[in-house]
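**Student:** I have a structure here, written as structure tokens, and I will follow up with some questions on it.
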Amino acid sequence: MYKGIGASPGIAVGKVLLFKKEDIVIESGAVDDVEKEQNRFHGALKKTREQIEEIKRRTLAEQQAILDAHLMILEDPELIGGVEGAIRAEKLNAEAALEKVMNMFIAIFESMENGYMKERAADIRDVGERLLMNLLGKELPNLAKLKEPVIIVAHDLTPSDTAQLDRENVLGFVTDIGGRTSHSAIMARTMEIPAVVGLKDITQHVKNGDILVFDGEEGIVLVNPEDALVREYARKREEQLQAKKELRKLINSSTISTDGRKVELGCNIGNPKDAKKADENGAEGIGLYRTEFLYMDRTSLPTEEEQLEAYKAVLEIMGKRPVIIRTLDIGGDKELPYMNLPKEMNPFLGYRAIRICLDRKEIFKTQLRALLRAGIYGNLKIMYPMISSVEEVRAANKILEEAKQELQHEGKDYASNIAVGIMVEIPAAAVISDMLAREVDFFSIGTNDLIQYTTAVDRMNEKIAHLYNPFHPALLRLIKLVIDNGHKAGIWVGMCGEAAGDKRLIPVFLGMGLDELSMGAGSILPARKQIQSLSYEEMKVVADQVLQMDTAEEIEKFVTKLCK
Ligand code: PEP
Ligand code: MG
């Protein structure tokens, strides 16, 4: 048995196809004809662009953004200028010049502390590899057309390998390297293909035709297991597929407890394409649109018009359903290299989110203008992240008012009555939630940050991951306080941190009186099914019981048993 990182849930049972790329050998040596090498490089750029555009045409809409990012790498002036310079100044052939520049770029990204940015080195490697193969006149192996159903076993799958996967015949994939946030893992989840990554050396332990069984949730991989085990996993797989089919029947039903308490189930998204997925999974709204992704994977700030297009696209997909768009939450673990933000000792306690927006007003106002203008296309609500005081809400609202006046003055259409809420993700905000409730139209509790700030546990630090605990009594007390304070002031209270989709905590949150839960698309239908089977009155008692417990361990045990 091999244990890796469960990257995309689901069980796969099938024959192995080992996916290997040949080693690329680059001959270096001084060249005489610099012009010829420059032309070869530009020819390869063109061919690579055509290939990526072709892959893009054949892939799911959700994945096109990744391929767009690849096309942008091909246009990067520093990359092109760097290679041209190396050919000219160092008389390198195009292959050697390209390898040198690409390696430099990869090293820069790999040295970044932020996990997301680190993973982007894989995109550069992917594009670089394709360029090199085109320079050498070689073809990359292709996973787009397979003869029979297989499980792909690879050292790594690049984003473009993954985008091309033959979805009819790929039962799943497992890889030596990669983490939960690598593009191949993210794409596997979008494509709903089971996957396990980070298995270290699984490619050394299998050969073509071996039988592989794996569980993409647990991260467990078995090679040539006994027949009885194969049958058991095949049966589990059937059960999962059947359960998934059953869940789909709930797509248009509302989320109401057995005794009539309604909860709104929203979806968390990062781009307009995710909104389609939300819609397909029965979301009753968008509970969190993380707009920072609109600012990432590019080299300068998005313009007002670009933002307007993105927000409008989401609003149009969701129609009358509410769409909560969160203003820029950059800093912390999300870097924007082009903003040149200084390195900090404690980025999560530093220059981040609303703090940047209130300081760099022009960036914030551009976003608010785009939001106000987008508001006419649907049911938009604006949400400020990282609020810790009443002053911050007032300062942000003042800029919002200025943005409205500007638009009015310019004669541009905008929605004047947009609800404005805040993320409650800093303990200070939870403690003064009675006061904050008088300033805003809604609260959305961000447990991801609320856990880290309440218990002083860095959410990115693997060494103390065992201390990062959504069952901590302090967290649950704060959540209850926020809900009660919101309700006393007559505003609704939702939650959009990861805990909102945790089946062990959903009964407790229902009992505490949360009005809305927002989660990843895949969790919506299971949560609906669960809530439809629970009684609100009974869960109130459960929530009270949980709030009396002394330890996270006791709470976790109790709620885990409850949802079995
Ligand atoms: C949170 O902190 O719970 C949250 C939803 O925001 P993010 O994960 O983007 O910080
Ligand atoms: Mg947060």
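Cβ atoms are placed via backbone N, Cα and C, with glycine included.
TrEMBL annotations: computationally assigned, not manually curated.
Sharing the record's features from TrEMBL:
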ACT_SITE  HIS183  active site, tele-phosphohistidine intermediate
ACT_SITE  CYS496  active site, proton donor
BINDING   ARG290, ARG326, ASN448, ASP449, ARG459  phosphoenolpyruvate binding site
BINDING   GLU425, ASP449  Mg(2+) binding site
COILED    386-417  coiled coil
DOMAIN    3-120  domain 'Phosphotransferase system enzyme I N-terminal'
DOMAIN    147-219  domain 'PEP-utilising enzyme mobile'
DOMAIN    245-534  domain 'PEP-utilising enzyme C-terminal'
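Provide an account of the burial state, proximal residues and distances for the features listed.
**Tutor:** Cβ neighbours of HIS183 (active site, tele-phosphohistidine intermediate) (same chain, under 8 Å, six or more residues apart in sequence): ILE66, GLU119, ALA122, ASP123, PRO159, THR162.
Neighbours of CYS496 (active site, proton donor), defined as other CB atoms within 10 A of its CB across all chains, total 29.
The Cβ of ARG459 (phosphoenolpyruvate binding site) has 16 neighbouring Cβ atoms from other residues within 10 Å, across all protein chains displayed.
The Cβ neighbour count for GLU425 (Mg(2+) binding site), using a 10 Å radius and every protein chain shown, is 26. GLU425 (Mg(2+) binding site) falls within neither a helix nor a strand when secondary structure is assigned with DSSP, and so counts as coil.
Listed by sequence, the residues of this chain that lie at least six past the ends of the coiled coil (386-417) yet keep a Cβ under 8 A from its Cβ atoms are 327, 329, 352-355, 357-358, 361, 364-365, 368-369, 372-376, 380, 423-426, 428-429, 432, 435-436, 439-440, 449.
In the predicted model, the domain 'Phosphotransferase system enzyme I N-terminal' (3-120) has a mean pLDDT of 88.
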**Student:** Just the binding-site residues from ARG290, GLU425, ASN448, ASP449 whose C-beta lies under 6 Å from any atom of ligand 2, please, or none if there are none.
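**Tutor:** Once distances to ligand 2 are taken from each Cβ, GLU425, ASN448, ASP449 fall under 6 Å.
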**Student:** Let me check the 10 A CB neighbour count of ARG326 (phosphoenolpyruvate binding site). How many other CB atoms are there?
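**Tutor:** By my count, 26.
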**Student:** Determine the Cβ neighbour count for ARG290 (phosphoenolpyruvate binding site): the number of other Cβ atoms within 10 Å of its Cβ.
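**Tutor:** A 10 Å sphere around the Cβ of ARG290 (phosphoenolpyruvate binding site) contains 18 other Cβ atoms.
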**Student:** Can you tell me the three-state DSSP label for ASP449 (phosphoenolpyruvate binding site)?
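**Tutor:** For ASP449 (phosphoenolpyruvate binding site) - judged by DSSP and reduced to three states - the answer is helix.
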**Student:** Can you tell me how far the Cα of ARG459 (phosphoenolpyruvate binding site) sits from the Cα of CYS496 (active site, proton donor), in Å?
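**Tutor:** ARG459 (phosphoenolpyruvate binding site) to CYS496 (active site, proton donor), Cα-Cα distance: 16 Å.
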**Student:** Just checking the binding-site residues ARG290, ARG326, ASP449: which sit within 10 A of CYS496 (active site, proton donor), CA to CA?
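**Tutor:** Within 10 Å Cα-Cα: none.
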**Student:** What's the most sparsely packed of the binding-site residues ASN448, ASP449, counting other C-beta atoms within 10 A?
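**Tutor:** Fewest other Cβ atoms within 10 Å, among the binding-site residues ASN448, ASP449, is found for ASN448.
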**Student:** Find the shortest Cα-Cα separation between GLU425 (Mg(2+) binding site) and the binding-site residues ARG290, ARG326, ASN448, ASP449, and name the residue that gives it.
**Tutor:** ASP449
